[in-house]
Amino acid sequence: MPAKEVNPDIQKERNTATFNPREFSVLWAGGEERYKEKKTLEKMFLEDPALEDDLPVSYLSHKELYEHSLRKACIIGEKIRKLRADGEDGVDTYNALLGGSLGAAILKEGNPLTLHYVMFVPTIMGQGTMDQQVEWLSKAWDCEIIGTYAQTELGHGTFLRGLETRADYDPKTQEFVINTPSLSSYKWWPGGLGHTANHAVVVAQLYTKGVHRGLAPFIVQLRDSDTHKPMPGIDIGDIGTKLGMKSVNNGYLGLKNVRVPLNNMLMKNQQVLADGTYVAPKNSVLTYGTMMFVRCALIRDTAQSLAKASTIATRYSAVRRQSPIDPNQPEPQIMEHTTQQLKLFPQIAKAIVFKTTGDGIWNMYNVISGEIEQGNLDRLPEMHALSCCLKAICSADAAAGVETCRLSCGGHGYMDCSNFPTIYGMTTAVCTYEGENTVMLLQTARYLVKVYGQALNGEKLVPTVAYINEALTQQKFVNFDGSLESIVKAFQFVAANKTRIAYEQLELRRKQGHGTEVAANLCGTFLTAAADLHGRAFLAQTAYTELLELSRQVSPALADVLKVVLELYLVDACLNRIGDFLRFIELTDQDVTKLEVRLESCLKRLRPNAVTLVDSFDLHDRVLDSALGAYDGNVYEHIFESTKKNPLNKEPVNGSFHKYLKPFMKAHL
């Protein structure tokens, strides 16, 4: 039975907050207009009975979950059609419905149509010619065809050059003949591929006139438009159950002599002429535009994951009472324990910093995309490097943060009804898809050592790595006074020195006679460490710049809270990398102790506003889907209510008792 009154402990937290939560909610949403649009979407989708779950999806079989999810996905798709017809289908709408917020409320384990919208359509837009966009986009937007993006293979993932799927051009018929020549070349993992999509962008090694040309994307029909049966030469299905994202319908795809017309190769960046003549792209990096687009979007998704996890854990910590601090006093809220605050509050701060950074990176991507359209590729390497390392850092930190929040809730955090298992499953997947994190760091490192060499030659670097120029003029870091600005500068100095060491190690291996790739492998740990610190220095700089700027735009009360969040984030980030700081900066024992004391001070100052701050993320109870994190704070009532939905409890005696247990118990008589 649902509780109707708000738990008094959590209500007290809200009553004593020092700022207006709606002000931050509007800020978090991106402004008053977007806040209102968010509320309109929630009303449109969350008040539709057809999109509610009668039974928690964790009790469904894999087949039942897919069918249940596809039904709801089609309802969502129909609503999107209506929004498009009314001109109300902006980027924020798709982010909400297909990302980690509103979409998760409706389809807890993922949407089998997501890749159609976030990969299939953008790939056609980004890599198709104008004529190809005219031919395919209207069908895709209207869902007359359902697509996915088939790149990863059973034997190869992030290493794109290793992909085995092959497309040979036949000039006699003006067709490409596509094959997966081995089991390891089968496409593996694309969402919606199993039983949902009838088309795919298939990435294959292109051969024309017997010459290997590199990777190219092809639109391939997978299933018949009417019967949905696999087309000739297509071997296709669902790959099975997974840790998370259980209803995304990830699939496998084998192709045997599948022929597609010449025009089915997306040719905005590279072309094949009718006679087989190959026209190479101006820049090979252009073909990676879709993945860069998705990586930028993923940074904001990680912020949503942390916002959800920290909201659940913070509300629970305001209600749960345990372990007296003073033996003569009643059990306190567990949030009174400093150790509990240290688990929770840095995750709140990271959510805010990752969201702020994600918004900035998204805007930067849009600006650079415009420059690319005009033929200006100058900032493309910078954008690629930044999106790679931030995707890796934010996803790894978010996955660890979700797990920390789960652990902070004790045994109850282990229950499905807490929603931590699902949030973790969805979040940790980001560490792997769209570029495995270690490989992402190595790609960033390749850029860093290159620009470090340029800096040594006296070249002025672009803004995101300009700190390397500055560090080259400094023998040592001076005047670390513990201020926020000095922490940011220290991060940059440390990052520059980690890049210096990676560069020197790479040069050392080359002088020893190793080729570039072998040398890079031998000093891989130096390279990934440099990329990690580069990303963290960028996060520190962005947090410092953006949160201080925001604090000047809001009320003094909210500004005070944002400044505490900023200080907490920077001090915590510094202490988490204190070994690197001690290596390159002359910090004393007293300096480190001061940082540790400041961390405790930040926790204490954020404590009165913790519940209201997570309230300000404005996450609907359906989005959280957690017995531990409901807005009313009635944790125990919601946990017990969840047991009543358990099919095992629908009968007092399960049939297995008479079938198995009773005969076993009576067997010795």
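Positions of Cβ are set from backbone N, Cα and C atoms, glycine also.
Feature list (source: TrEMBL):
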ACT_SITE  GLU434  active site, proton acceptor
BINDING   THR152, GLY191  FAD binding site
DOMAIN    20-146  domain 'Acyl-coenzyme A oxidase N-terminal'
DOMAIN    149-258  domain 'Acyl-CoA oxidase/dehydrogenase middle'
DOMAIN    288-449  domain 'Acyl-CoA oxidase C-alpha1'
DOMAIN    484-666  domain 'Acyl-CoA oxidase C-terminal'
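Residue pair GLY191 (FAD binding site) / GLU434 (active site, proton acceptor) shows a Cα separation of 12 Å. Distance between Cα atoms for THR152 (FAD binding site) and the residue listed as 'active site, proton acceptor': 9 Å, as a whole number. Long-range neighbours of GLU434 (active site, proton acceptor) (same chain, six or more residues apart, CB within less than 8 Å of its CB): MET291, VAL294, ARG295, LEU298, LYS391. Averaged over the domain 'Acyl-CoA oxidase C-terminal' (484-666), the predicted model has a pLDDT of 97. Of all the Cβ atoms in the protein chains shown, 25 others lie within 10 Å of the Cβ of GLY191 (FAD binding site).
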